[in-house]
Amino acid sequence: MLYLICDISKNCLVNRMNLLMLICEPLLFVSVSKMKDVIILSLLGILGMGRCSKDELVNVALRGKAAQSSTSYGGTAKRAIDGIWNPTYEYLSCSHTSGETSPWWRVDLLETYQVTSVTITNRDTLAERINGAEIRIGNSLENDGNSNPRCALISSIPAGGSTTFQCHGMQGQYVNVFLRGYMQYLTLCEVEVNAHPAPIEMGPTQASELNLIVPVTDNVALKKTTRQSSQYSHMGGSNNAVDGRRLSMYKDKSCSRTKSQVNPWWRVDLQRAYNVTSITVTNIEDVDPEMIDGAEIHIGNSLQNNGNNNPLCAVISSYPAWEVMTFQCSGIEGRYVNVFLPGCNKHLSLCEVEVNVGSRPDMDEHLSSDMRVQDMKRGQDILCPDHKTRYENAATGGIANQSSQWDMFGDANNAIDLSWSNWYLEGSCSHTKAEVDPWWRVDLSKTHNVTYVTITNRGDCCSDRISGAEIHVGDSLFNNGNSNPLCARIPYIPAGQSRTFPCGGISGRYVNILLPGKEKYLTLCEVEVQASTFQAGLPSTAHKTAVTAPNRNLAWLWDLLISLGRTAIRKEETYNQNSTEEETFDHDKISFETQRPVDKVPENLVSGGIEVHSSQYDSHGAASNATDRKRNPLYHAGSCSHTEAETNPWWRVDLLDTYQVTFVTITNRGDCCLHKINGAEIRIGNSLENNGTNNPLCAVISEMREGQPMDIPCNMEGHYVTIVLPGREKYLALCELLTLSTLTAGVA
């Protein structure tokens, strides 16, 4: 049966036989007759993988020896190199440490290799636990290998997904995954170390971490011309951030720093356009290091809005003090690199910015030849407090409730006790149990115009749990108040810190914090609601970044009006915000207590567009199903698109003209597989290069609720809307996609 033509080198054969042993080992508990069949199939599958050569990359971790700082729940270290990518912990293929300070996992490759990349598969629940983990590679076992040079810092990996981190040929025998912090759990469902099959002979010395990660010759920002929005003092000049030094103390005069202001920014002029592969940023250590959280890296050729409207490379989140972090930019073309920090009373400090460029096999041509400047209007939608106006904390004296209570310390009212203690056991934080879509609510006793909501996060542990939470404000208790208008989504709040979110005067009696997802805990150490007593003359909608589109439950009505040729609704038509009237359509309760658009109803251009996708799973999964104006989340009802399992599947709609896309609404599948959409990217632009997947990024979908729609603000211009799901063996299913858009003036 093994009539296979394969140019097999020694190392290739060893790797495949090791994989075979890993697959056969569990079969010791299977009956002999079944074992024969499975082994035959395994031999055919593994030895028939194709041709091997000395130049191809192989997973050298398969033959290694794994260890970890501790083992809990039966999750031995070797499970992470068993060759199985199953992300469900109950299937016994994931490692798991105990809850401890700075847990780690390590694989001994038995020889030194040049590591090209490391691919990590995350578990499908509690996915946020891996956030902040570091990948380290080297030949030392000092500090259990955790002091070796760093390849990458993991900001996040989608639940059940795999992410590859480039290591650029770093040399080492040991690969560590190291998670700093108190009471952390480290779970890995697969770690693949991709390297050339032949080990290298060690020379007398190894390259330093700096040279391995960021070759000096690739840093085109060094000593170039810089500018910033303001300067704090004579020591904080903008040129300090490109002086070639990674000193992280402000007193060393090697860091830039702006004054405290609205939307500070920093920019370097590279003198000509480059394809930027990555940006490396060194954070400050001694002056408010957490202030950089939320900063955006933009790259492009425009100086509109000081360059802050250029295409987005990355967002810096939960950044530790003094750390050096590299952000991948996938070859975005540009002359100007901006670091932009949106918000009020912010100052921006940068101790070094390195702009890394170079040619890659997948980047032979300029990627942005058709890439337009994103009309993001960064900074123009920020609402800052008017310190001349005093707002009451309307939550004081309110009545709080929550979906569940963890223990005696986690009462809902702790979040409005006017104590900003962020240690849970001090009894000043609310805490739910682990559940689906946990929520917290305060009843303000009467309707207010809510201008800001300030939230203080837990400081003793688990600060990342709040990421993705939503703030809702309104007068309805339908769905426990969680269907009220959206004020803001919380991307993250650093441990023990407070963040303020503008709501633009939304009127409401109830303020809800909702955390979508399964097995989620919601902890709040203080919630402050800055509001004034309701005035009928004030606007009842949130500011434009949150609600330029109508409530998603009324989207079907918009489509109907458009189809009848009614493209506008008169301003004089208003909904009664305090009404309890509800009507039923298609067996779904549609509350009319939500705000509506004024002036013009944005068009749902998708309905008349041309849809295509990278492949089709079966007869039920046509691309056009995603724009059929039905939100049926059951796949076999024939209303969802569905690709085959493939690398980087995509779906695209041609809007037939260039539009300003304000919102994209996506409905997730409801009968199974809700996590498969995690990590999908929404891209909008005018180019069909790489099937439209190179267009500017609107957003990345980290998680969606089963069968539910999600509204994503974009405010970007484009002819094509593309959904792409990076990764291998991925399915992309969309049960409805709606775009709320207006025709761009002056576009042919």
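Glycine is no exception: its Cβ is also placed from the backbone N, Cα and C atoms.
According to TrEMBL, the feature domain 'Fucolectin tachylectin-4 pentraxin-1' maps to 57-199 (among others).
In the predicted model, residues of the domain 'Fucolectin tachylectin-4 pentraxin-1' (217-361) average a pLDDT of 86. According to TrEMBL, the domain 'Fucolectin tachylectin-4 pentraxin-1' annotation covers 217-361 (among others).
TrEMBL lists 391-535 (among others) with the feature domain 'Fucolectin tachylectin-4 pentraxin-1'.
Under the heading domain 'Fucolectin tachylectin-4 pentraxin-1', TrEMBL lists 602-746 (among others).
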DSSP residue counts for the domain 'Fucolectin tachylectin-4 pentraxin-1' (391-535), split into helix, strand and coil: 16 helix, 64 strand, 65 coil
Helix-strand-coil residue split for the domain 'Fucolectin tachylectin-4 pentraxin-1' (602-746), DSSP-based: 20 helix, 62 strand, 63 coil
Residue distribution over DSSP helix, strand and coil in the domain 'Fucolectin tachylectin-4 pentraxin-1' (217-361): 18 helix, 61 strand, 66 coil
